[in-house]
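Reading through the C-alpha cells given below for one structure.
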Amino acid sequence: MSPHQSEDEETPLLQPKKQHTVDKTPLPWRQFSVILFLQLTEPLTAQAIAPFAPQLIRDVGVTHGDESRVGYFVGIMYSVFYVAQALTTLHWNRLSDHVGRKPVILTGLFGISMSMFLFGLSETFGGLVLSRVLCGALNGNSGVIKSMTIDITDSTNIAQAYGYIPIPWMLGNTLGLLIGGSLSRPADRFPRLFGQSTFLKTYPYFLACAGPALFTALAWLVTYMLLQETVPTTTSLWSLIRNRYRNMFVSTHPKSLPADGLHSEDTIQDCRDDSKSLSLRALLTSRVLIAMLNYATLALLDIALRTLIPVFYATPVDLGGLGLDPLRIGNILAVFGIVNGLLQVFFFARLHDRFGTKVLFTYGIAVSVPIIIAFPIINTLCLTHGIGVTVWFAVGLQLIISIPLNMGYACMAIYVAASSPNRASMGATNGLAQTVAACVRIIGPASTMSMFSFSVGNPSNAWAVYYFMMVLALLAMGSAFLLPRQLWKRND
C-alpha cells in the first residue's frame, strides 16, 4: 500500500473547514473619542431631572396634593419631549445626509443647553412642558451620532465600537443622577453654602439643571473645533432649499416628466447607488420595517421600565413603592449606571461575537419578565422586613438582571445599520428609527404612569401596572422572532 493510498484511506471524508479569520479594522480613535464625548450630553441632561422629577411635580402644585397623580404628571412631562422629537428627528437625520452630520449636531447641542436652563427656571407645569418640548424639537443628535459611528466603522469593528458606547452613557447617567440628586434644593441640602441665596430658594432646581447645561455648551465647543465631517459630499442648506423648490415646481408640470414608469426604475437604481439618498417611500423596505418594529418594541419596554423605577422608589411603601428620597434614588441609579456600563464595555463585543446579534437581543428582551415580577416582590419584602439588607439585595438583583436588556440597543443599532438600503440613506434610516422610538416613548411614560396611578389609587387593582408591563414584554419578544439570524446584506 502506497503512502498516498494509506493517507487517503485514513483521511476523514468530511474534513473540517479551515477557519478564515478576518482581521478587524482598527477603530479611528481620534474621531471616535470625540463621538464618545458627545454621547455624554444626552444621558447627562436626561437623567439629571430623574431623581427630583416626582418632588418637582409636587412643588409646582399641579397635583393639588393628590399623591396618586404625581406619576401621571411625571409621565406627561417625559412624554412631551418624545412628541417633539418624533415630529422633528427624521427631518434632522435626513438633513444630515445632505448638509453633513456636524451642523446638525451643533444645532442639537445648542437646543439641549438652552432647554435645560429654561427647565431650571420654570415655576409652573406649563413652563416645564415648554422646555421639554424645545429640547425634543431641537435635538436630533441621537440618530445623527449613530450614523456618524456607522460612517467611521465597518462590519469588522462595529460591534467593538458599540461595546464602547456604554462608557459615555454610564458616565452620563451616573453624573446626571448624582447632579440631580445632590444639587436639587441646594439651599435646604447645603444651608451653610447656599442658605442665603434667594435665587436658589426661588428656583430650587436651577443648579441641578445648570450643570448639565454648561457641560453641553462645552460639548458644543469641542464639536466645533475637533469633530470632522463624515459625509463625503455635502450640500449647503440654501442649495438644498433651492433644489426642493425646483422639484416642487417640476412636479406641477407632469408633461416634463417621462411617462414610462421611470420613477420605479430610478428608485431601484438609487438603492444600488450608495451616493444617492433615497426618498422616504423607497426607504420603507421589508427589512427596514422589521428593524423599526423591533426598535419600537424595545424602546417602549425600556422607557416604561426607566420611568417606573424612580417613581416606584419614591412612592410611599403603603402605596406600593419604597418611599425613598431623591438623594438615595440618585445614588442607587448612579451605582447601577457604573456597573451597567462597565459590564457592557467588557462583555458586549465578546457576547456578540460568541452568540450573534439576534440571540443576544432576544435574551435581553426575555429578562424583562423577571424584572417586572420583582417590583411587587420588593414592595412585599419592604412591608415585611422594612428597608434592610433583604430589600437592598432584591433591588440590586433586579437592576443587575436588567443589564442584558440595555444591550439590546447596541444590537438594534447594528440591525438598523444593516437594514439601510444604501449608505447614503444611513442618516434617514437612523432618523426613521429614532422617530419610531420617539413615537412609542410618547405613550410609554404616560401610559405606564397612568397605570401606576390607577394601581396606587385602587388597592384591588394594585398589580394592574405589572400586567401592563408584561404585555409590553410579550409584544417585544414576539417581534424579535421576525429578525433574521444573520444580518441583512445590502445586495440582498
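Cβ from N, Cα, C; glycine included.
Checked against TrEMBL, the range among 28-46, 104-122 recorded as transmembrane segment is 104-122. Below 8 A, the CB atoms of the transmembrane segment (390-418) and the transmembrane segment (288-309) form 3+ pairs separated by six or more positions in the chain. On the 0 to 100 pLDDT scale, the model's mean across the domain 'Major facilitator superfamily (MFS) profile' (31-487) is 83.
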